[in-house]
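Taken from Swiss-Prot as is:
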type     : residues : note
TRANSMEM : 31-51    : transmembrane segment
TRANSMEM : 52-72    : transmembrane segment
TRANSMEM : 96-118   : transmembrane segment
TRANSMEM : 123-145  : transmembrane segment
TRANSMEM : 151-171  : transmembrane segment
TRANSMEM : 179-199  : transmembrane segment
TRANSMEM : 225-245  : transmembrane segment
TRANSMEM : 247-267  : transmembrane segment
TRANSMEM : 281-301  : transmembrane segment
Amino acid sequence: MSSLVRPINLGKINHSQSTVKDYILLMKPRVMSLVIFTGFVGMWLAPYSVHPFIAGIAVVCIALGAGSAGAINMWYDRDIDSLMKRTQKRPIVRGVIESDEALSFGLITGFFAVFFMALCVNLLASFLLLFTIFYYICIYTIWLKRRSIQNIVIGGVSGALPPVIGYAAVSNTISLESIILFLIIFIWTPPHSWALALFCNDDYKNCKVPMMPAVKGTLYTKKQILIYSILLFIVSLMPFFIGMNNFIYLIISGILGVVFLYYAGSLFYDTPDNKQAKRFFAYSIFYLFFIFLLLYSTNTISTIS
């Protein structure tokens, strides 16, 4: 099951309608906000010191890198975005930003993000940022998204790298701690995305994007969500057992994980309106945010100074 980019007529571009808000929307601000937060937590957990100004530059570069990838993703996916209810109000589809402008904006933003990360922070963080942008655009968006049922699983590497970038920005290294942060997001991504696919199944079928519910069916998808949720529960406790976080983290993250498992199990009793899938999707966002807030607030190692 696959689809290629199809030429579409987005109508006449009215440049006078373009606003700063449209360019912010082009960068996928909801995704970018989570990227910024997880990247910052990665910096905070690194057992080294860094000047707050340098830390600020690193956060801005991570944000711009995420925005760059989001803009280029919207440029490439403009054909299927026009067919999906969830994405029909994106700037390119609405005709307020021209597709070529979106591509140029994404490329320029990405260049400056990587350049200033290398110039002001360190080369490792810059390389990881460049790799993340490349992976999200080339591996996930262009190659996997329309061709593989494992698009979200393999493509999730890019979304899981921001805390590793943040950690490297402070420490100039990759450690077990940053790998665990990576694993938490990497394992969280499939159940989160498949829950969305459950209640947007018709859209994905219409666009011929091989999301798991559209290819394997809803029951198989729900089983996979439960499996990944169990793995996530296990991995989410690891920060305590390697000494990253204290006992409070273990207790609260354990409770959050049990609730996550409850919502995953409730999918098997979902109604035709996908009420449980929507609840699980909403909770999964809260879960990841709160887990990283816990990682930030209950850490037992050095912080930015």
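Cβ coordinates are placed from backbone N, Cα and C, and glycine is handled just like the others.
In this chain, the transmembrane segment (52-72) lies apart from the transmembrane segment (225-245): fewer than three C-beta pairs between them fall below 8 angstroms, excluding pairs fewer than 6 positions apart. Taking Cβ pairs closer than 8 Å, the transmembrane segment (225-245) reaches residues 45, 176-177, 180, 183-184, 187-188, 190-191, 194-195, 253-254, 256-258, 260-261, 264-265, 267, 280, 291, 294-295, 298-301 in its own chain, all 6 or more past its ends.
If one looks beyond the transmembrane segment (281-301) by at least 6 residues along the same chain, the residues whose Cβ comes under 8 Å of a Cβ in the stretch are 34, 37-38, 40-41, 44-45, 47, 163, 177, 181, 184-185, 188, 191-192, 195-196, 199, 236, 239, 243-246, 248-249, 252-253, 256, 259-260, 263.
Counting same-chain residues at least six beyond the ends of the transmembrane segment (96-118), those with a Cβ under 8 angstroms from any Cβ of the stretch are 10, 13-15, 17-19, 22-23, 26-27, 57-58, 60-65, 67-72, 74-75, 78, 125-126, 129-130, 133, 169.
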